[in-house]
Amino acid sequence: MLGVIGWLLVSLLISTEARYFGGYYQDDQNGLTSQSSQVDNQLLEELLNLENERSEDGTAETVGSNPVETIGNRQQLFNNGGNHAEENIEWTKNIVKSISKLGQISGLASSQDFLYLFHRGNVTWNERSFNEETNVYNHQHEPISVNTVVAVDHLTGEIMFSWGKSQFFMPHGISVDPQGNIWLTDVALHQAFRYKKNNFDQPDLVLGEAFIPGSDDKHFCKPTDVAIASTGVIYISDGYCNSRVVIFSAIGQYLAEIGRSDKMIIPHSLSLLEVEDLLCVADRENGRIMCYNAGLSSYRQAGQLLFDIRHSELIKPYAIAHIGDIILSLNGGSESTVGISMDLATEQVVDLWSPNNDTFHSAHDMAMSHDERSFYVCQFSGNNSKVIKFNFVESSQMLLIN
């Protein structure tokens, strides 16, 4: 639990006008960008000494520096029922009628009870959406006039309820945290939002400033995704015009940013492997997956690049998810593509998956089910969206592609 203590103590320092890592880290060390040195150095030194003492006692674990060492807690491949992903054709057929009137479905997230869809109504992202020079949204007086968040039944695909009317302008990512709260990003608003699971009228936490793009600790530029640790630490991929992931405390205080020095081009999706203390980022346009120390065991190591994954089958990773130590990557874009599953320890492809007798077309996001027995993919063309369910099934032979 040392990492939890570290983050909480750091958050306390920030609340008294301190700035995490200020005065202790140079630019790009461990992937972090330093802030102005306003830290009470004596207090921070005590924090670091406390962590060192705990480490010597064996109560803290840090992540190794190569992929094989990093993936220390090996699990059986797809230990919840098989190792091959196969489309659930019946479910996919059933949901078609439910979503026929929705706009572009840009995001998916799964809770214990529902699959959430985040869609754009009658809005499409085109060359007239943003000012090309400033990234400011051009239609700030035109919120989407329909409910943009739709909850569907995991088993039947039937719509259960929806919300979000007149709250969003250009939906992008959606996530569910361990407490069941809903997190959303809007690239037009340049903001990320948290909605309590029982109160969808208004967010209880908003990060970023509405319609104001930026690259400092209070602004985003078209943020794409959110990952939330069980400790409450928040990771936001930022995004279409910044090349970073920003880390916040559970109450929304800025902690650090990571990845800028790695020159990511559209960090589009996040997958947090808490057991391994890994944060993996889909670096979309570079065709790679970047895996960083998440800083949950030792906050001093947050942002250290542990390894990156490149593979001939990894074309444009639009979305990533994981089950155990297997990471699933959805190749997206306008090309006809397939999805891939890779063993993080060996970086071998162990499975390829796609819709039955077809490929993906403009796939955009994916979500693992709460029970990890299935996952979902969304794709859209124009205003026509499709959601596809895949189940993990038994396979007598494992695919290995070096």
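All residue numbers here begin at 1 and follow the chain in the order shown.
Heads up, the Cβ atoms here are built off N, Cα and C, so glycines get one too.
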Per TrEMBL, member of Tyr195, Tyr235, Tyr240 binding protein alongside Arg120, Arg284: Tyr240
According to TrEMBL, the disulfide-paired cysteine of Cys280 among Cys241, Cys291: Cys291
Recorded disulfide counterpart of Cys241 (TrEMBL; options Cys221, Cys378): Cys221
Length of the line joining the Cα atoms of Cys241 (disulfide bond) and Leu108 (Cu(2+) binding site), in Å: 22
Cβ packing number for Tyr240 (protein binding site), 10 Å threshold: 23
Residue among the recorded positions Leu108, Cys221, Cys241, Cys280, Cys291 whose Cβ has the most other Cβ atoms within 10 Å: Cys280
Confidence summary (mean pLDDT) of the repeat 'NHL' (214-251): 98
Cβ contacts of Arg284 (protein binding site) (under 8 Å, same chain, 6 or more positions away): Ile265, Ile266, Pro267, His268, Ser269, Lys316, Pro317, Tyr318, Gly332
Cα distance (Å, whole number) from Tyr240 (protein binding site) to Cys280 (disulfide bond): 17
